[in-house]
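For reference, the structure discussed in these notes is given below.
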């Protein structure tokens, strides 16, 4: 009786291991990793955006896009972000296969970092001269 239980446990373990090893691993992980569907065009998981009807990782949306007009946050230059009104900075992904960047507001994100690190507001200003 114990032999049957042990055998069924071994078979179950083998099936689980084979399924886990067959999952294709990509650089950015699964595109469904956000784990939610779009609610009124919004995704609440950080690093995810709505690609109706599901939320996808931002770099997956940028990889699959053919033009910058396919998503409101895609850009090729800072000017694209200004024109769309979705930010003032176009940041490109470190993966060279992604030809588009992602728009965001550089100053507002800087203030969020300031609050996170509890820095003073003056630390974000660019120095006018270099002091040796």
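Just so you know, glycine gets a Cβ as well, placed from its N, Cα and C.
The disulfide bond annotation in Swiss-Prot covers 34-48 (among others) and rests on experimental evidence. When Cβ atoms from all protein chains are considered, those within 10 Å of residue 48 (disulfide bond) total 21, not counting its own. The DSSP secondary structure for residue 48 (disulfide bond) is strand.
If you look up Swiss-Prot, you'll see 38-50 (among others) marked as disulfide bond, on the strength of experimental evidence. Residue environment of residue 50 (disulfide bond) contains 20 other Cβ atoms, counted within 10 Å of its Cβ in all protein chains.
The Cβ neighbour count for residue 55 (disulfide bond), using a 10 Å radius over every protein chain in view, is 25. Per Swiss-Prot, disulfide bond is recorded for 43-55 (among others), and the stated evidence type is experimental evidence.
Residues or ranges marked as signal peptide by Swiss-Prot: 1-28.
Between the disulfide-bonded residues 34, 38, 43, the minimum number of other C-beta atoms within 10 Å of a residue's C-beta occurs at 38. For the pair formed by residue 50 (disulfide bond) and residue 43 (disulfide bond), distance between Cα atoms is given as 6 Å, rounded to the nearest Å.
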